[in-house]
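Worksheet: one structure, shown below.
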Amino acid sequence: MEGALTARDKVGVQDFVLLDAYTSESAFLENLRKRFRENLIYTYIGTLLVSVNPYQELGIYTASQMELYQGVNFFELPPHVYAIADNAYRMMCSELNNHFILISGESGAGKTEASKKILQYFAVTCPMTESLQIARDRLLLSIPVLEAFGNAKTLRNDNSSRFGKYMDIQFDFQGVPVGGHIISYLIEKSRVVYQNHGERNFHIFYQLLAGGGSERLASLGLERDPQLYKYLSQGHCARESPISDKNDWETVCGAFSVIGFTEADLENLFGIIASVLHLGNVCFKGDKQGCASVPDTHEIKWIAKLLGVCPAVLLEALTHRKIEAKTEEVICPLTVELSVYARDAMAKAVYGRTFTWLVNRINSSLVNKDFTQKTVIGLLDIYGFEVFDKNGFEQFCINYCNEKLQQLLIERTLKAEQAEYESEGIEWETVQYFNNKIICDLVEERHRGIISILDEECIRPGPATDLSFLEKLEEKVGKHAHFQTRKLAGPKGRKRIGWLEFCLLHYAGEVTYCTKGFLEKNNDLLYRHLKEVLCSSKNSILRECFLVAELENRRRPPTVGTQFKNSLSSLLEILISKEPSYIRCIKPNERKEPSKFDDFLISHQIKYLGLMEHLRVRRAGFAYRRKYEHFLQRYKSLCPDTWPHWHGPPGEGVERLIKYIGYQPQDYKLGKTKIFIRFPRTLFATEDAFEFSKHQLVSRIQATYKGCLGRREYMKKRQAATKLEAHWRGVLARKEIKRRRWAVQIIRRFVKGFINRDKPLCPDNEEFVVLVRKNYILNLRYHVPKNVLDKSWLRPPGILENASNLLRRMCTRNLVRKYCRGISAERKAMMQQKVVTSEIFRGKKEGYAESLNQLFAGSRLGVSTSSLSDGILVIHISPADKQQKGDVILQCEHIFEVATKLAMLIRKEHTVRVVQGSLQFYVSPGREGTIVFETGEEDQVYKDKNGQLRVVSAGKKT
């Protein structure tokens with residue numbers, strides 16, 4: 001906000017508290033004008049928001065704007081309706097108390113739009129879950145439905161609320177909107193049957209005709225032209241260009257679907273709306289006796305069809321009146337005038353009760369079935385102060401309501417604030433203001449107020465008229481300073497007050513009321529005959545609106561004025577129990593033109609809204625005050641002396657706290673029970689410090705809590721591990737005991753078997769013998785002889801001697817068998833020779849035993865001869881024995897016979913070699929010689945000079 005002060009000459013100040021000439025009304029007005037010209041429609045007076053209706057779209061209600069104001073301190077950004085909404089929401093969440101936002105101002109000042117913007121802000125910015133999305137949508141879409149049935153175009157406002165509305169938005173402990181509740185006040189039923197020139201009936205009638213499908217209109221017996229219906233054509237502005245009835249109809253139908261209206265509900269609802277239009281077109285004609293009749297019953301038939309009643313009974317109820325006299329019932333015909341009254345009374349009653357049913361139906365869809373405690377923010381959007389050329393009973397009630405709200409504002413701001421300073425002992429210069437309690441008492445005082453006088457006149461015996469009511473007012477309250485009639489006024493006043501009028505000096509100025517219709521509208525009576533017809537309706541909505549029990553109740557119902565007074569009292573009780581926020585709406589001109597600033601009109605509103613008095617109180621006062629207990633409870637974490645608990649008096653704790661924070665003497669005052677902080681910036685700094693401290697505390701609490709959870713989890717796991725370990729150790733111990741018991745039994749059986757091992761097989765040694773056998777067999781497999789020459793054998797136990805011998809023989813046989821199967825034929829022959837040798841020489845010749853391990857060699861003898869015709873034969877002897885001479889060289893004539901017999905003798909035919917050229921032979925071990933075979937002329941054998949033996953053959957062998 002401070003950044004905007006540099007541009008204050010052009011756009012004014014954002015807070016009227018910053019005005020230098022804060023006591024000057026002209027300076028106030030000029031600041032408002034500067035901001036209005038720059039399209040800055042919002043200005044603060046402290047925490048009160050002043051809003052000027054721009055009559056145009058400004059583009060300041062976007063989602064980005066909502067996000068900008070979300071969670072920001074109140075004065076950090078320019079004034080906005082979102083700031084009021086966000087401040088109320090944050091205060092509600094932090095302090096868990098209920099709030100309400102009071103939006104006040106003249107009709108056409110923008111109250112309804114302000115309430116819609118606040119509702120949209122809550123819907124968009126509040127935390128939301130998918131399951132609560134429906135509740136939020138229903139809350140939002142209830143607004144266009146209520147506007148369609150309760151708003152209308154007036155001379156001053158195209159969308160004027162013709163009923164009072166208080167809406168509670170319910171939030172859970174997390175700040176999530178979970179539901180809502182709506183209370184309606186005094187819908188202007190007279191508008192159903194009559195509108196001033198330039199005004200319209202309720203929007204829903206025009207929306208149905210403009211947007212309803214052809215089939216729907218045909219089923220309701222309606223035409224699209226509103227001018228065809230008397231109840232819609234009296235204002236001569238049925239089709240108003242700024243209002244798009246067709247688009248609004250689509251919005252309303254979509255809202256009905258989201259809120260949860262069934263098709264049957266809509267059929268019955270639109271049937272009632274259509275029946276009201278048909279009622280307005282019912283015409284009456286009087287006969288010679290003055291009795292009314294309906295010449296054309298076309299409309300009657302449609303009404304009967306739509307409401308589900310008998311046409312004949314309905315016609316009789318509109319033209320006759322049933323009078324009960326003790327035990328008799330008398331039906332009297334009505335005049336045309338009374339029939340018109342009955343028709344209009346029926347239309348008003350049907351529409352008024354249907355509107356009440358609609359509000360209750362919406363409430364049932366908004367109700368939250370969770371009965372946990374909730375906080376609420378209330379939105380009060382109620383008709384503004386109205387002054388027309390001709391003001392009737394409705395304007396009287398509306399302006400009385402505004403007087404009560406003005407009184408509430410005075411009580412909660414001007415009067416209460418100054419009284420608080422005095423009671424707390426704070427030095428204060430009293431600000432004078434007009435207290436409108438005197439006007440409220442004039443209207444509502446019991447037995448002496450205008451409403452009480454009106455009720456007395458309605459119920460007194462004898463003919464009561466509007467004139468007699470005016471005379472009674474002159475008699476009872478004629479001396480009141482704020483009441484005037486033509487008879488009581490001076491010469492100047494008589495010119496502006498008619499003979500049937502009285503004038504009240506309201507807080508907003510003088511208003512003249514015409515008493516014509518006061519008694520009728522206050523009674524709001526519906527003939528019993530018509531009630532009976534409506535109670536018999538087959539329309540489910542009407543059956544809920546008109547109960548048969550009403551016919552049995554003979555007591556006179558409360559008048560409209562009394563009902564309205566009681567409902568206002570209940571409303572004020574609701575508002576007093578909540579923390580307030582205020583929005584004061586100002587209408588810039590009467591013509592609804594953008595950028596037009598009417599100084600006189602705005603100055604008048606500034607005066608009667610009490611803005612100057614509020615500014616003076618705010619300028620001289622303190623921006624924030626709180627009881628010591630609450631202040632200390634909230635901010636005690638900022639001071640070590642007060643955290644976590646302060647055990648002394650709260651006042652001393654607060655004093656210690658602000659001293660530690662560093663408050664300057666001019667920033668605050670300490671009262672008897674409260675602390676008063678003068679400047680918002682001081683509170684903001686404290687709140688920022690608290691937020692920082694809160695984050696630190698939260699972090700510490702989280703760490704401690706997580707540590708606690710971790711320790712708890714660790715101890716849990718440790719106990720589980722200990723228990724698991726104990727159980728496992730028990731399992732292992734039991735297994736060990738079982739194993740040892742088994743071992744003891746085994747050892748015992750083993751010892752017993754060992755002792756009895758030599759006895760015949762019996763139970764005492766059976767297991768031992770089996771074990772010994774098993775072990776012996778297992779060990780024997782690793783000590784079996786590898787060949788037939790290996791005579792080793794594992795020594796058997798005594799009990800296995802026989803088995804061991806048997807196994808040994810089997811093993812030996814197996815080895816011999818394997819050896820025999822693996823011997824070659826040559827070796828077999830050699831072994832056979834060994835057998836023959838054994839038979840010849842064993843025990844007879846020395847050296848035989850040493851020769852046993854020597855195999856007979858097949859190559860020990862060999863025979864060689866040449867391929868020539870010589871008779872040379874060489875017998876080769878193995879040179880292994882060094883004592884032997886060399887090979888034997890023979891020459892014989894019968895070489896073929898000798899060689900053959902030698903070969904047969906050694907059984908090796910291949911031992912005889914036939915060589916060519918030469919052959920080698922051993923002369924002695926280690927010394928070789930050579931025989932060379934060649935041919936010549938004659939046979940000869942000689943040794944050449946090289947020492948080689950040469951054998952010459954005269955011819956080749958043949």
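In case you wondered, yes, glycine gets a Cβ from its N, Cα and C as well.
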Region 'Actin-binding' according to Swiss-Prot, located in which of 85-107, 568-590, 683-705, 798-820: 568-590
Secondary structure content of the region 'Actin-binding' (568-590), with strand meaning DSSP E or B: 9 helix, 8 strand, 6 coil
For the domain 'IQ 1' (694-716), mean pLDDT (0 to 100): 89
Residues close to ATP site centre defined by GLY105, GLU106, SER107, GLY108, ALA109, GLY110, LYS111, THR112, Cβ within 8 Å: ASN53, ASN157, GLY384, CYS585, LYS587
Structural state census, the domain 'IQ 1' (694-716) (DSSP three-state): 23 helix, 0 strand, 0 coil
Cα-to-Cα gap, GLY108 (ATP binding site) vs SER365 (phosphoserine), nearest whole Å: 30
Sequence-remote partners of the domain 'IQ 1' (694-716) [C-beta within less than 8 Å, at least six residues beyond its ends]: 637
Around the Cβ of ALA109 (ATP binding site), the count of other Cβ atoms that are within 10 Å: 26
Helix-strand-coil residue split for the domain 'IQ 2' (717-746), DSSP-based: 30 helix, 0 strand, 0 coil
